[in-house]
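Shown next, in structure tokens, is the structure this report addresses.
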Amino acid sequence: MEEANQSVVSEFIILGLCDSWDLQAFFLVTFSSLYLITVLGNIFIVVLIITDLHLHSPMYFLLANLSFIDFCLSSVTTPKMITDFLKEKKTISFGGCMCQIFFGHFFGGAEMVLLVSMAYDRYVAICKPLHYSSIMDRHVCIGLVMTSWIIGCLHSVSQLVLIVKLPFCGPRELDSFFCDIPLVIELACMDTSILEILVNADSGVLATICFILLLISYSHILFTVCHSTDGASKALSTCTAHITVVVLFFGPCIFIYLWPVSITWVDKFLAVFYAVITPLLNPAIYTLRNKEIKNAMKRLQC
């Protein structure tokens, strides 16, 4: 009886994005290039903020952490996806699958909370400018970043605990390019209807709370900006960049985890967008729309 309850699946078969070798060759070149740009772009922002004394402020401290998380998040699934384009049989070990799930939700959850922290920073800067330096001091900034990492870890552990002991006895095919909880749960040899509700509720609660806090923060900011003339254009430009990043991050999350209808090709597209495109767009958005970052790049060239 004890042996029957153990997982007999040692690895999962990954079906990938497509079956065509021509498309896989195209994806190999495309995603390899995008991943390289993502890694270099996010590392560049982190190094730039650390080395340039003009960027040693709370907003850029949080931005450096966002770039680091984006670098980590893209590295959870993208390198494996790229190497799988070279293989006819794509597999991932049970342990590797659990690691992808853990770190994917760890960095994803941390980024959600960090985006809320960045919205709070902009709220204080725009709505309470006279008290900004006293509210957003060094200890508060470190506390906000540590909170994002802790909540991300707790969220990830709570997700992994729900599935790591599930019995997997076949089938073992994942119709995606990486391991994710909804796909893995479907392969369990038991009724998982209640478990699916718990998993979606776990992710849904965190995403919903963060999204509501973001809406409240940016609503206050936009209301303040609309009734102010001093520095309104600069504040609006900064907030536009933040809001764009929030939409790009939360949009795919909502469709992947909370949308009731599952369409395979749509889920794959959104998963690629979330894992590959979003970490690439974040540094581009902040770099192209941020005057201080541009000035720091010019000083670096000199």
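Just so you know, glycine gets a Cβ as well, placed from its N, Cα and C.
The annotation transmembrane segment is assigned in TrEMBL to 25-50 (among others).
Summarising the annotation, TrEMBL assigns domain 'G-protein coupled receptors family 1 profile' to 41-286.
Annotation comment: TrEMBL describes 62-82 (among others) as transmembrane segment.
Nonlocal intrachain contacts for the transmembrane segment (102-120), taken as residues 6+ away from its ends with a CB within less than 8 angstroms of a stretch CB, comprise 59, 62-63, 65-66, 69-70, 72-73, 76-77, 144-145, 147-149, 151-157, 159-160, 178, 180-181, 203, 206-207, 210, 213-214, 217-218, 221, 242, 245-246, 249-250, 253. The transmembrane segment annotation in TrEMBL covers 102-120 (among others).
The transmembrane segment feature in TrEMBL is assigned to 140-164 (among others). Within the same chain, residues 58, 61-62, 65, 98, 101-103, 105-114, 117, 120-121, 181, 184-185, 188, 195, 198-199, 202-203, 206 sit at least 6 positions outside the transmembrane segment (140-164) and bring their C-beta atoms closer than 8 Å to a C-beta of that stretch.
Here TrEMBL flags 205-223 (among others) as transmembrane segment.
For 235-259 (among others), the entry in TrEMBL reads transmembrane segment.
The transmembrane segment annotation in TrEMBL covers 271-289 (among others).
Remote same-chain partners of the transmembrane segment (271-289), defined as residues 6 or more beyond its termini with a Cβ less than 8 Å from a stretch Cβ, comprise 17, 31, 34-35, 37-38, 41-42, 44-45, 63, 66-67, 70-71, 73-74, 76-78, 81, 176-178, 180, 237-238, 240-241, 244-245, 248-249, 252-253, 256, 297. Counting residues 6+ beyond its ends, the transmembrane segment (25-50) has Cβ neighbours under 8 Å at 17-18, 56, 60-61, 63-64, 67-68, 70-71, 74-75, 78-79, 81-82, 85-86, 276-277, 279-280, 282-284, 286-287, 293, 296-297, 300 in the same chain.
Non-local neighbours of the transmembrane segment (62-82) in the same chain are 16-17, 28, 31-32, 35, 38-39, 41-43, 45-46, 49-50, 92, 96, 100, 103-104, 107-108, 110-111, 114-115, 117-118, 121, 141, 144-145, 148, 177-178, 275-276, 278-280, 282-283, 286; each lies 6+ residues outside the stretch with a CB under 8 Å from one of its CB atoms.
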